[in-house]
């Protein structure tokens, strides 16, 4: 199932997060939240382009040919990667100065879901939001501490969500037509002394791949049974997220962090903050792009 684990980019990122695969361009988008950087990794040329911004970025999703959408400390933005021009769309939390956006993805209908956390991660002052196809935003889940992993089942009937300190994955019934979520149910409970659940992705078999913050691993789970199927050690203490990519969507890209590590821990994990790739024989679900139904959509 797993052939090898490879360090593809020794980025030494403070907080690499939000890996997102562009299937058309065969590029990996990711962010370094603390360094305020949007990064574009090309595995064919083994090059990593860094776009420096003036605010912390939680996540990135594809949109138009040269335009991406971001969720940042100041709300939703678009960015033209050719000109590096930022365009503000909407900030649902202008009144919460200590909050910033964290993880997020687009759903199968092209809505952009992203959640917030307070800067210190100690208060349940965050929420999960959805930027709809008409650029309106709505709150989907309130009283969130650290909004993290999100994924949709291959048949588009369920949404899976992680609020990290709860140490569990919650499943919601999901309506692709309306974006409504309902009937929350705990489907995975994280074991003690195994780190905290951070970002996640899903494969075409409906199994979840979850990053262990402080646990040095990626695990694969069956959300129907709550059973852990596979555990893959990663040579980094803080494993932050993962996504499937590559020509066949069988390469698992993994982001990691260096923040909060002691000198001894950095000696033990010298490649912490790097981007790793795991070759598997399991196909991941493709990344969804944002869809703007407004007239003049190209203006953002």
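For all residues, glycine too, the Cβ spot is worked out from N, Cα and C.
Values in this document were obtained by computation on a predicted structure and should not be read as measured data.
According to TrEMBL, the feature active site, proton donor/acceptor maps to 198. Positions annotated as divalent metal cation binding site by TrEMBL: 17, 148, 198. Under the heading substrate binding site, TrEMBL lists 100, 102. Among the features that TrEMBL reports, domain 'SMP-30/Gluconolactonase/LRE-like region' is placed at 15-258.
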Determine, for the divalent metal cation site, the additional residues of the same chain whose CB lies within 8 Å of the mean position of the CB atoms of 17, 148, 198; present them in sequence order. 18, 102, 103, 146, 149, 162, 164, 199, 211, 213, 240, 241
Averaged pLDDT score, the domain 'SMP-30/Gluconolactonase/LRE-like region' (15-258): 97
At the Cα level, what's the spacing in Å between residue 100 (substrate binding site) and residue 17 (divalent metal cation binding site), rounded? 14
Rounded Cα separation (Å) that holds between the residue listed as 'active site, proton donor/acceptor' and residue 148 (divalent metal cation binding site): 6
Inter-residue Cα distance where the pair is residue 102 (substrate binding site) and residue 148 (divalent metal cation binding site), in Å: 7
So if I measure Cβ to Cβ from residue 17 (divalent metal cation binding site) and keep only same-chain residues at least 6 apart in sequence, which ones fall under 8 Å? 30, 31, 32, 33, 58, 59, 102, 103, 199, 240, 241, 255, 257
